[in-house]
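According to TrEMBL, the signal peptide annotation covers 1-29. Sequence annotations record features per position, and here TrEMBL assigns L-glutamate binding site to 113, 401, 402, 403, 425, 453, 454, 475. Annotation comment: TrEMBL describes 383 as active site, nucleophile.
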């Protein structure tokens, strides 16, 4: 599938230009990357590679690897860094899903998803969608610090304090506002000015900070230093937690110290599926990402690889597969509260995919009811994704979030922590209209329950060896994006950078619309699904809508075809890491 992509630099504001020079070198590209003009978003290295959506955090992770840390160590440093310099997307006030695959073949899924507070209830919002979407009642119990520490406790090599302090330094000494963060600030401008904590840190003299301006969060620096010295206890059973709870309750929230003290990281076995001669490791529920991706791939491989998934017809089949997947997805929920075994088994079953494939027609599409979904589709929001591989070929794929841009749009004034609005990812009982299915009971609120997610951190193995690490941010579009990048590289044989650059199309079943990329990013690149593909979709009955935004994907590929001997007699290939230019980030390796 050939997709249209070009680069243009039309940024005129002096401050934006300064920021681009400081962080995001001007770039150029072609429809598919031919290697003639190097781009900063792809690096090839021998020992280790870190791909995040902010170059400063890629370098923070890379520095940890250079000092002898492993992929888990680097993920702690990089994730905490992202929470400081890209706070609209993730942070210690949120949660995450992390896949870890060690060089000895062992693999774990760390569920550090936010949980509903003990005082939460199914009908707590009384139909008030606004209080569910933002504000103190939208705050769920954060899990990122607990999850990172547990992964480090089991696998880390360097001291915990060494991994936390780079983020504390950025918060205390200040960091430059990136063009992408500036865009997020503009989109949430009313919320920033309405909250004192956000207003104090992201505005100056009554206006938003601009790209290139220095932002400080000294209260967060103090919090991170406490976490560096005392571990997660500082947040979950210490002075930081007491201050955080006080701030949330003053704002009208229901978070308590008992919620923080009771938070538990769930360590699970990853989903493992064989497709296309590859072993795919994915995140189990309450993430729908792993199972959703497998279901789409199991449908598509029946058409033949690569011919069956290429060109306009391949895109149509991909969209139809997404529609089927979303119809099934909303039967999932937190497995500690809902029996999802049958649904999960179906989503991972090639035979189930075969039955769905029989209902796909190459010349037409259908209304949502055709796909059999019983419940309405709830779209989740923002996030940040990182991919890390170290010198031993340990690997981490991690997606973290505070949910919407700037989460609950509350920044705890006493701790500097920006709070999530993860309660908005739950479904709530509501009125049923004729054209929209009812809300999904498997995802209704209960105390200590975790909401359904689309996050899809993924690790790919070939013949038992690490081949790739991939994932994306972008809410409900994450499954589509991760699958598209996977297909670009493994089915269509694009190089790693082209696999990420290729413009994307999405469908979430409801609304019954294909949303396709058509936007110019903060870095000056323009992404647009070409006209011939759009025309072919319209001919088949699809309704199309341009999307001025989308997903941000990171990818690290291990070259198993050109192995060379390294220390200890092991055979490793080079690593190629790609950070998506859509957010202006770049990877780092050594």
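Cβ atoms are placed via backbone N, Cα and C, with glycine included.
Keep in mind that this is a model prediction, so the values were computed, not measured.
DSSP assigns residue 402 (L-glutamate binding site) to coil in the three-state reduction, outside any helix or strand.
Just so you know, the Cβ of residue 454 (L-glutamate binding site) picks up 29 other Cβ atoms within 10 Å once every protein chain is counted. Across 113, 401, 402, 403, 425, 453, 454, 475, which the record gives as binding L-glutamate, the greatest C-alpha separation is 14 Å. Ranking the binding-site residues 402, 403 by how many Cβ atoms sit within 10 Å of each one's Cβ puts 402 at the top. According to its DSSP assignment, residue 453 (L-glutamate binding site) is in a strand.
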